[in-house]
Structures are given as structure tokens and as C-alpha cells.
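Contents: one structure, followed by commentary.
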Amino acid sequence: MANVVVIGAQWGDEGKGKITDLLSRSADVVVRYQGGVNAGHTVVVNDQTFKLHLIPSGILYPNTDCIIGSGTVIDPKVLIEELDMLDKLGVSTSHLFISESAHVTMPYHRMIDQASEERRGDHKIGTTGRGIGPTYADKSERTGIRILDLMDPEGMKKQLRWTVNYKNVILEKLYNLPHLDPEEVIAEYQVYADRLRPFVADCSLKIYDAYQQHRNILFEGAQGTLLDLDHGTYPYVTSSNPVAGGACVGTGVGPTMIDRVIGVAKAYTTRVGEGPFPTELHDEMGVALCERGAEFGTTTGRRRRCGWFDAVIGRYAVRINGLDCLAVTKLDILDEVDEIKVCVAYEIDGHESKDFPTNARQFSRCNPVYKTLPGWKQSTIHCRTLEDLPPKALDYLKFLASIVEVPIAIVSLGAERDETIIVEDPIHGPKRALLYSNGESQAMSA
């Protein structure tokens with residue numbers, strides 16, 4: 001048995017959906033532990049594309065239980081749309097379970113999110129406008145609506161009448177927006193409640209039972225380390241904790257139940273929305289990476305900002321998450337690049353540093369210190385073993401493993417499941433502590 005957390009090691013959009021889908025073959029349970037419809041993951045199977053925002057990637061495996069944990073925030077309308085889409089595609093959803101403790105995104109959350117972002121003007125955070133932040137804010141203020149509240153028809157009516165009237169004051173007085181009709185909201189969410197009722201469960205207990213039965217559990221994060229509310233590039237972050245520690249809080253399991261942590265990172269770096277980005281490319285190369293990598297958000301369709309791989313961020317992700325290994329995605333996007341740069345340190349106010357600054361103002365003054373490596377100038381998409389790779393592509397991967405100080409277990413070379421190189425078993429392979437001595441890699445190092 002192995003219980004594994006999969007996290008994003010950059011600013012999200014790293015390809016966690018594909019990696020989770022691959023690992024789900026060995027998992028008995030897949031659990032989503034934070035975030036909401038602000039995150040999207042795409043899985044491609046036999047030329048069929050599945051775009052999901054809330055439902056875990058493991059849903060494509062009929063014998064794998066899928067759980068939406070208590071740390072998520074759920075937009076019922078979007079969740080039902082995903083259920084309907086999967087039903088039409090012939091994918092069973094009978095093995096999906098929704099935590100009764102998860103909070104619910106309401107219409108006023110979306111309205112406040114969009115109006116608040118607009119009011120920020122030049123100080124926009126880059127929110128998706130899907131109501132995620134306000135939903136988490138209500139959770140912290142203890143005024144939120146949970147899934148279990150929707151399951152109690154009479155209690156829901158009473159709670160929603162009070163809450164909607166309270167939010168109407170904010171909508172009208174603060175944002176000059178039209179008020180919501182409490183009865184219309186109640187009627188809408190009663191329909192959602194009836195549809196979701198068969199899926200609702202005490203998911204913390206369900207996960208613990210799976211653990212007691214020695215089943216393999218895979219915890220699936222959304223977004224990425226640098227978007228973490230506590231450890232990311234604040235204030236340009238999400239409202240939850242995508243880091244590995246969030247898996248425990250967002251599902252109701254203890255930290256001793258986690259065996260391994262796998263980080264996912266692109267062979268380059270992308271970011272959506274506002275905030276500092278030291279390796280961002282504003283030239284033709286940045287445009288080329290965006291176009292070759294189809295770097296447009298699953299949720300918003302926004303163009304992603306593109307730049308070179310940042311090893312400072314990589315090392316930070318290793319430290320914050322306790323990564324055991326790394327999955328590197330989209331290596332094939334670099335196939336036609338003449339020279340590839342990797343940021344190995346920052347120059348900050350005249351001083352060089354290899355450590356990530358948590359101060360956003362200081363981070364905005366960071367300039368990348370690059371090491372330049374030769375490109376391989378040939379296709380990698382059909383490679384299935386390390387030996388199949390062009391020597392310079394293998395050298396690039398070895399350098400990343402060495403500079404980030406964690407072994408690479410998976411290399412992704414395309415969107416399809418089989419466009420992948422499995423370097424070592426990411427679930428049952430050696431722990432990072434056994435692979436490193438004095439910071440030097442003994443696997444895939446230069």
C-alpha cells in the first residue's frame with residue numbers, strides 16, 4: 001500500500017491531470033483536497049479529451065473511488081454539468097463521493113468576486129471570477145453554506161433566506177449591484193441538492209476506512225505551490241493550500257497516513273494572472289512556447305505567461321512539499337529550441353541568492369541568473385524510454401534533477417497517456433532521502 005500526494009511544483013497548469021490519471025491506474029481511491037472550479041485539468045484518452053474542474057481524474061477508472069474532499073469549494077451547477085458530460089460520454093460516476101463538509105459556492109460569491117476584482121483596478125490579483133475567494137472567506141467567517149446544509153431542505157431554506165438577505169446589503173450598498181431573490185436561490189439550490197444527494201458522504205471516514213483496508217490512496221491537488229495561500233507569491237495566490245500539507249487538512253487524514261509526495265513541473269514555466277515572474281519571456285520565444293504548448297487556461301481560456309524553467313522555484317517546492325520525486329511534463333515543447341535557459345539563482349539588489357524570497361516586493365526585483373544548455377532539435381514525442389531520448393534532451397533532464405535536487409520519476413511528452421516515459425516507479429520507488437547524499441543526485445544526475 002502507498003498513499004501519495006500529487007502537487008503542482010510551479011504556478012499551476014503543470015499537467016497534474018495527466019499525471020494523476022496515469023497514477024490512478026495503481027490507485028484504489030483518488031481524492032481532490034482543495035480548490036474549486038478555478039482549477040481545470042485535462043485528460044486525453046484515445047483521442048477523447050476530458051476537461052474537468054471538480055471531479056478527480058480517477059473518475060475514468062470504473063474501479064477507482066473518487067472523492068471530493070472537505071477542503072474543496074463546490075459550485076453545484078458546474079459539478080452537475082460535469083456529471084452530465086461524463087454520463088453522455090459513457091463514463092460511470094457511481095464511484096464518486098462528495099464530502100458533506102465541503103463548502104458551496106453561491107451566486108453572490110461570483111458576483112462579489114467579479115465586482116471586487118474590478119474595483120482593484122491596476123492592483124488586480126488575477127482571480128478567475130468564479131467566486132472561490134469569497135466562498136473561502138465565508139468559510140473562515142463561519143457564515144458559509146456546506147453540502148450538508150443543502151441536504152436539509154427546511155434548514156437550508158431558513159439559512160439561505162438569512163444569508164442571501166445579508167449578502168444583498170453588501171451587493172447593493174458596497175458594489176451597487178442588483179439584489180438576489182432569496183426564494184429563487186432556494187429553488188435553484190433545492191434542485192442541485194436533489195441531484196447531488198446520492199453522492200454525499202462522510203468522506204473523512206471513507207478515506208480512513210480505505211486506509212485501514214490497505215488500499216492505495218492518491219491525493220490530487222489543484223493549482224500549484226506558488227499559488228498557495230500561505231507559501232505562494234502572496235497576494236497573487238489562491239484562497240486555499242495546494243501544497244502537500246493541504247492534503248491532510250482538506251480531507252481529514254493525519255500526516256502519518258501520507259507515504260510519498262510527487263511534484264509536477266513543466267520543462268519550462270507558465271503563470272496565469274498577475275504577479276512577479278522572473279523568467280517570463282516577452283519576446284518571440286515566449287510567444288512560441290505559448291503556441292506550441294497551447295498555453296491557454298482550461299477554466300478561463302486566458303493566455304498563460306511563459307518563461308524558462310526556474311530551479312529556484314523548483315527547490316522551494318521540494319522543500320515546502322517534501323517532494324520525493326518529480327514528474328516533468330511538456331518536454332516535447334522544447335524540441336525545436338536552439339538554446340534552453342534554466343534559472344539557477346536570482347540577482348536581488350546586487351546580491352545573488354539561490355533561495356526563494358517570500359516577500360512579493362523583493363520577489364518582483366529578482367532577476368534570473370541563467371545557465372544555458374543546447375537544444376536537441378529533434379522530436380521526442382515518440383520516445384518511451386530514457387534511451388530513446390536525444391542525448392541533449394537527456395542531459396537537460398539530468399541537469400534539472402541535479403539543480404532541483406530531486407529525482408525525476410516521470411517524463412511526459414504529449415497529452416496522451418502513452419506519450420510518457422516512466423523512469424522509476426513513482427509510487428513504490430525509493431524515498432528521496434535514500435537517493436541523495438550531500439545534495440547530489442544518484443539518479444538522473446549529470
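Along the chain as shown, residues are numbered 1 onward.
Heads up, the Cβ atoms here are built off N, Cα and C, so glycines get one too.
According to Swiss-Prot, the feature GTP binding site maps to 12-18, 40-42, ARG304, 330-332, 412-414, an assignment based on sequence analysis. Annotation for GLY15 (GTP binding site): same-chain Cβ neighbours under 8 Å, separated by at least 6 residues, are VAL264, LYS266, ALA327, THR329, LYS330, SER412.
Taken residue by residue with DSSP, GLY40 (Mg(2+) binding site) is part of neither helix nor strand, so it is coil. The feature Mg(2+) binding site is assigned by Swiss-Prot to ASP13, GLY40, with sequence analysis given as support.
The annotation IMP binding site is assigned in Swiss-Prot to ASP13, GLU14, GLY15, LYS16, ASN38, ALA39, GLY40, HIS41, THR128, ARG142, GLN223, THR238, ARG302. Sequence-distant neighbours of GLN223 (IMP binding site): residues of the same chain at least 6 apart with a C-beta under 8 Å from its C-beta are GLY8, TRP11, GLY12, GLN34, GLY35, ASN38, ALA39, THR238, SER240, PRO242.
Feature annotation from Swiss-Prot assigns active site, proton acceptor to ASP13.
The active site, proton donor feature in Swiss-Prot is assigned to HIS41.
Long-range Cβ contacts of ARG304 (substrate binding site) within its own chain (separation 6+, distance under 8 Å): ASP13, THR270, ARG271, VAL272, CYS290, GLU295, PHE296, GLY297. Swiss-Prot lists THR298, THR299, THR300, GLY301, ARG302, ARG303, ARG304 with the feature substrate binding site.
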> Nearest to LEU413 (GTP binding site) in three-dimensional space, by Cα, is which of the recorded positions GLY40, HIS41, THR128, ARG302?
Replying inline: HIS41
> Of the binding-site residues THR128, GLY301, ARG303, which sits closest to HIS41 (active site, proton donor) by Cα distance?
Replying inline: GLY301
> Between ARG302 (IMP binding site) and GLY40 (Mg(2+) binding site), what C-alpha distance do you get in Å?
Replying inline: 12
> Fewest neighbouring Cβ atoms within 10 Å: which of the binding-site residues ASN38, THR42, THR128?
Replying inline: THR42
> Going by C-alpha distance, which of the binding-site residues LYS18, ARG303, LEU331 is nearest to GLY40 (Mg(2+) binding site)?
Replying inline: LYS18
> Which residues in the same chain, at least 6 apart in sequence, have a Cβ under 8 Å from the Cβ of ARG303 (substrate binding site)?
Replying inline: CYS290, GLU295, PHE296
